[in-house]
Amino acid sequence: MEGADLLMAGTLFLFAAVVAVPLAARLGIGAVLGYLLAGIAIGPWGLGFISDVDEILHFSELGVVFLMFIIGLELNPSRLWQLRRSIFGVGAAQVLLSAAVLAGLLMLADFLWQAAIVGGIGLAMSSTAMALQLMREKGMNRSESGQLGFSVLLFQDLAVIPALALVPLLAGSADEHFDWFKVGMKVLAFAVMLIGGRYLLRPVFRFIAASGVREVFTAATLLLVLGAALFMDALGLSMALGTFIAGVLLAESEYRHELENAIDPFKGLLLGLFFISVGMSLNLGVLYTHLLWVAASVVILVVIKMLALYLLARLYGIRSSERMQFASVLSQGGEFAFVLFSTASSQRLFQGDQMALLLVAVTLSMMTTPLLMKGIDKWLSRRLNGPEEHDEKPWVEDDKPQVIVVGFGRFGQVIARLLMANKVRITVLERDIGAVNLMRKYGYKVYYGDATQVELLRSAGAEAAESIVITCNEPEDTMKLVELCQQHFPHLHILARARGRVEAHELLQAGVTQFSRETFSSALELGRKTLVSLGMHPHQAQRAQLHFRRLDMRMLRELIPEHTDTGQISRAREARRELEEIFQREMQQERRQLDGWDEFE
């Protein structure tokens, strides 16, 4: 693709995303489906702005590559070892069971047995990009079903290697004398990558970080991700698997969070590009010609995979309320099918339009998943949020709560328990089904669902409540909820959790003055104890803590208009001098006073 064409394609991608994704979000169908629809619109079977789909699809796989690197950063080797049973047990069972059933059905549809095996394996794979994105949107990351879903996806990435090796064997084009030397060199190269990454990556990043230039650190991160992807691709292995391993090797390093911040913007854009490319690849001509066959294939594919996944989730011990989410989020075909079917086609395993039909079915199955998840969310909401009889008298009797608490993680639990202990009527909104079930067993009033939906807030009693306490893990969710409450429920007194100073500034700019930085108070308390351990009188240490809190809050408010690092550093130095002067005056005053109290009195 020429430079001018590439620039035009990039402009079209951005325009399509800017138009389609907000519309999809407004319709409630999710960003992923918005990207897919945008791809259909600008692709060769839509408005025809872009025709070179294969080249763009290959480039857009970098979105999956970046995503797997970030996932690897979140899993250290010990955690990965803990997941071995679900990876090689449930993951292997899902691929084998789904592939066997789907291959049998393809043989009934007049596919050659070799093509049916390849087709069954390809269709058994799920979309890593779509499933992980939807799991994050639905808050499944920390749930048991989300962890199991990730394990299945990881095994599918591992299964890419033998699946690709199987194609020439089925086609009868494999070399009579297997080249063990090449295989040995690939294994050796892979081992060198693991050992080199284990012992070299941290010293290299330590050297780069010492330069103090953030742009160089970002460039080094991109080099690592792209280098690992190209290295694995040259070995004929999965690019995503290579970057995942690189992420795992750095998961316990001190640079983990900085690496995530450097990669995150690229990951989001490239994932969007990937979904747009998948939408562009949808062959509407084949769809029109074989409409009934394709429609039946999509339904059968989704149903079979859901049944297999649901059965495995039940055998694994997943809660009944989470099984449907787990089965649905992995029910689609995946991006690996494009690679596997192209390889099989080059070996002449498919006849006529068979490959095109399978790819259309895979693409359409990916479009059904966001809609399926939305429908299951509504079903779960009716099931979990509807009237329920309890053996014991429920804690909350009044339908009109005084306070709505959003989120029941570690932060939200402390707040909710304090309010409950003081007989405050509360309603908790939570996206984790496990937490919902647990709270309902204790008789607490809890709603399952996404709190950024206006109707859910109304159902929870937002129109009658006095306050809302927002304890979301993600700052983006917090700000979205603040804006929603200010627009639809202006009477609510908003209290929010801030993860740090940046989030605190954003809340202040949005007009939220009542917030708590999650580590600030505990850090101050430990600092006070440190002063006492150094010999300072407990009363004096307490006053030092209060002065520091007051001055820090004043600085926080004053620095809102400051947008330059120079301005912030200058003001911070000034505040430190001011704090030292206050402490000096306090110490002189305390020396004149009698020891009136002790820490433990």
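Numbering starts at 1 and runs along the chain as displayed.
Cβ coordinates are placed from backbone N, Cα and C, and glycine is handled just like the others.
Annotated features, as they stand in Swiss-Prot:
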type     : residues : note
DOMAIN   : 400-519  : domain 'RCK N-terminal'
TRANSMEM : 4-24     : transmembrane segment
TRANSMEM : 29-49    : transmembrane segment
TRANSMEM : 55-75    : transmembrane segment
TRANSMEM : 87-107   : transmembrane segment
TRANSMEM : 111-131  : transmembrane segment
TRANSMEM : 152-172  : transmembrane segment
TRANSMEM : 177-197  : transmembrane segment
TRANSMEM : 222-242  : transmembrane segment
TRANSMEM : 262-282  : transmembrane segment
TRANSMEM : 284-304  : transmembrane segment
TRANSMEM : 324-344  : transmembrane segment
TRANSMEM : 356-376  : transmembrane segment
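Under DSSP, residues within the domain 'RCK N-terminal' (400-519) fall into helix, strand and coil as 50 helix, 26 strand, 44 coil.
Stretch with the largest number of CB pairs closer than 8 A to the transmembrane segment (262-282), among 4-24, 87-107, 152-172: 4-24. When each of the listed stretches 87-107, 222-242, 284-304 is scored by C-beta pairs under 8 angstroms to the transmembrane segment (152-172), 87-107 comes out highest. Mean model confidence for the domain 'RCK N-terminal' (400-519) is a pLDDT of 82. Non-local neighbours of the transmembrane segment (284-304) in the same chain are 40, 45-46, 98, 101-102, 105, 123, 331-333, 353, 356-358, 360-362, 364-365, 368, 372; each lies 6+ residues outside the stretch with a CB under 8 Å from one of its CB atoms.
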